[in-house]
Amino acid sequence: MSAQTSPAEKGLNPGLMCQESYACSGTDEAIFECDECCSLQCLRCEEELHRQERLRNHERIRLKPGHVPYCDLCKGLSGHLPGVRQRAIVRCQTCKINLCLECQKRTHSGGNKRRHPVTVYNVSNLQESLEAEEMDEETKRKKMTEKVVSFLLVDENEEIQVTNEEDFIRKLDCKPDQHLKVASIFGNTGDGKSHTLNHTFFYGREVFKTSPTQESCTVGVWAAYDPVHKVAVIDTEGLLGATVNLSQRTRLLLKVLAISDLVIYRTHADRLHNDLFKFLGDASEAYLKHYTKELKATTARCGLDVPLSTLGPAVIIFHETVHTQLLGSDHPSEVPEKLIQDRFRKLGRFPEAFSSIHYKGTRTYNPPTDFSGLRRALEQLLENNTTRSPRHPGVIFKALKALSDRFSGEIPDDQMAHSSFFPDEYFTCSSLCLSCGVGCKNSMNHGKEGVPHEAKSRCRYSHQYDNRVYTCKACYEGGEEVSVVPKTSASTDSPWMGLAKYAWSGYVIECPNCGVVYRSRQYWFGNQDPVDTVVRTEIVHVWPGTDGFLKDNNNAAQRLLDGMNFMAQSVSELSLGPTKAVTSWLTDQIAPAYWRPNSQILSCNKCATSFKDNDTKHHCRACGEGFCDSCSSKTRPVPERGWGPAPVRVCDNCYEARNVQLAVTEAQVDDEGGTLIARKVGEAVQNTLGAVVTAIDIPLGLVKDAARPAYWVPDHEILHCHNCRKEFSIKLSKHHCRACGQGFCDECSHDRRAVPSRGWDHPVRVCFNCNKKPAWTSLSVMTGKGPLC
């Protein structure tokens, strides 16, 4: 801490002498002040004293011109806060303490202490010094805000415009470990919200855009970082503006309010309107009802080390008038905050979510507006960490991201309530039961967390949706509710044995706890209805996107077809290699001489697509090269190659050059005549067999359609894969997911698992999405007792 005193430092405080006299006689000029030694010290005394081990860590400061120390007796009352501790006016030479005027009167006004010698400090020099320091501090603050710029945080469609935490911190231009608070502003459009923020936080610089035109210059939510107060300042779009998507933009305001520590409501009206109180009251109610729970969930889900207080932000109502008096001016005995609470109570609004509500008014006789009172009130609230403590910018971004993910999406106009600024429709799920029309009571996007739809009332039965669910009666009487479905066979039966039992004794109802509780044809006669004996019926809601409940899960016919297809496919796959080899060899033997052999054709001659083992290679009758089906789908006569006047397959290039005749000699035609005859005979046989196969495929398709389970999408309605959107063709086969019934390609549905809720107790084909879900989701969706399917 010690250093050599420069000649310039000598004479700065000629009236302040060393108060220690430890290494000097007390005649040396004081250079340092030690707050813990409670004395002014010269250079030598400061060095000698603080060489001692117990005094080494004392906090010392170098004196400035006109320095006056703090009162030592005030130190214990208010700590080290400047502006609270009083400056000393004298120093008692006997007690060796500095005293302010009040402490001197209290401790040295009577007794022997009245005679203690004192040294008087020059307070007039102190005042000039403090004013100079204040001016220097103001200049420093203005310089700190010179490079501050605002950025669009959320647009008018509730889309966050920063990609991640790092991008948010980079645009704020603050350190990642910087602790900061959030201050936002609300109010009607045109009341000067952006102008207020510019003058309150940024000394009049236009950080947030302002405009004298009628159009609103603030669209969406903009943010900037105030390095002086260490606060993220957020500017919002005005209320009562001529905008589209009004409901979504109003909901966006509450998201900003939820992440704020301090809220300014700016009003330029001569009298406080009811809209102000309704907005704050409705915002408080919606905050407690919808956002408190989500903020708690965000804390747990994101592992945030700083708790997001369930108590909302502090509110300052900044009221600027021109022609009328400020609130409370005609009632000096009542504070404005008391009058504010009375207005809330009269309107039936109770702003319980806010930690405090303050009123700060200013009357502007002549512009510009005085923002000094608002600035002082803001600084006091920002220093108060009792309710909301500063946090890292990453925590702020996570909270905003969580609220945006949860409360997003369009708000239907027919569901919107106009009696409140923040109706429940802004935050609750918009799904309606298809049977009874009751809405879901959960928050928006609850399906992302696996939470099913729920309603406040019970549903009614609809024959159209058959919204019944069977539960095991024995388990229900034992205190457990277990859903069951009719199906072809029991889970303990093998596929073929299950089909045999189904043919003999009908469908079964199986409970996971009780086993098989019912068979439809267990006896020759006298079989009772399961509802009367082993199951109970429950009527459940029908939510959009969910399948039926007691739809026919008897899949015996489809299981039989699957078994036959499996055997046929196994034989086909085993014989595919030898069959293709023999076919290629036989084709080469009867091919014309100018055709390229199949063994040399590895890819399409035009599009260069590589041929797989089961792909068909086509020869152009004009040039003889190998092509895929799409590059050789055109036909035209090729008489120059001996194919006569009938149209035959040619590639796209030869079709476009059909007017150019190939120069072939008569000798070539004669040489190719024999092979052409053999090839024509081979094609005639192939076409005949193809027609027979097509004739067989038509009734086979009818059989498959008849065997299709009720929840499967019909084949003729499936045009492309439900997952990758590839269009189905001759080469791309359709496959049904046994869980959801949608159509998929083989790549998107190659997983295998049991689907007991659909009657498939053994591993069967399912799509990627259904394979990720728990095994019991299909039924839990119906009853509302599990995650969303």
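Glycine is no exception: its Cβ is also placed from the backbone N, Cα and C atoms.
According to Swiss-Prot, the features are:
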type    : residues               : note
BINDING : C604, C607, C628, C631 : Zn(2+) 1 binding site
BINDING : C620, C623, C651, C654 : Zn(2+) 2 binding site
BINDING : C721, C724, C745, C748 : Zn(2+) 3 binding site
BINDING : C737, C740, C767, C770 : Zn(2+) 4 binding site
REGION  : 416-788                : region 'Required for localization in the lipid droplets'
ZN_FING : 598-659                : zinc finger
ZN_FING : 715-775                : zinc finger
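For the pair C620 (Zn(2+) 2 binding site) and C631 (Zn(2+) 1 binding site), the C-alpha distance works out to 10 angstrom. For C623 (Zn(2+) 2 binding site), applying a Cβ distance below 8 Å and a minimum sequence separation of six or more within one chain yields Y594, C651, N653, C654. A gap of 14 Å separates the Cα atoms of C737 (Zn(2+) 4 binding site) and C724 (Zn(2+) 3 binding site). The residues of the zinc finger (598-659), classed with DSSP into helix (H, G, I), strand (E, B) and coil, number 14 helix, 14 strand, 34 coil. The two recorded residues, C604 (Zn(2+) 1 binding site) and C724 (Zn(2+) 3 binding site), have Cα atoms 25 Å apart. Other residues of the same chain near the Zn(2+) 4 site, with their Cβ within 8 Å of the Cβ centroid of C737, C740, C767, C770, are H722, R738, A739, G741, Q742, F744, S749, V766, F768, N769, N771. Here the CA atom of C740 (Zn(2+) 4 binding site) lies 16 Å from the CA atom of C724 (Zn(2+) 3 binding site). Listed in sequence order, F728, L732, G743, F744, C745, C748 are the same-chain residues six or more apart from C721 (Zn(2+) 3 binding site) with CB atoms under 8 A from its CB. Cβ-based neighbour count (10 Å, all protein chains) for C631 (Zn(2+) 1 binding site) stands at 20. Counting residue by residue with DSSP, the zinc finger (715-775) contains 11 helix, 18 strand, 32 coil. In this structure, the CA atom of C740 (Zn(2+) 4 binding site) is 37 Å away from the CA atom of C607 (Zn(2+) 1 binding site). C654 (Zn(2+) 2 binding site) has a Cβ environment of 22 other Cβ atoms inside 10 Å. Each of the binding-site residues C604, C607 was ranked by the number of other C-beta atoms within 10 Å, and first place falls to C604. Rounded to the nearest whole angstrom, the C-alpha distance between C770 (Zn(2+) 4 binding site) and C628 (Zn(2+) 1 binding site) is 35.
For the pair C767 (Zn(2+) 4 binding site) and C607 (Zn(2+) 1 binding site), the Cα-Cα distance reads 32 Å.
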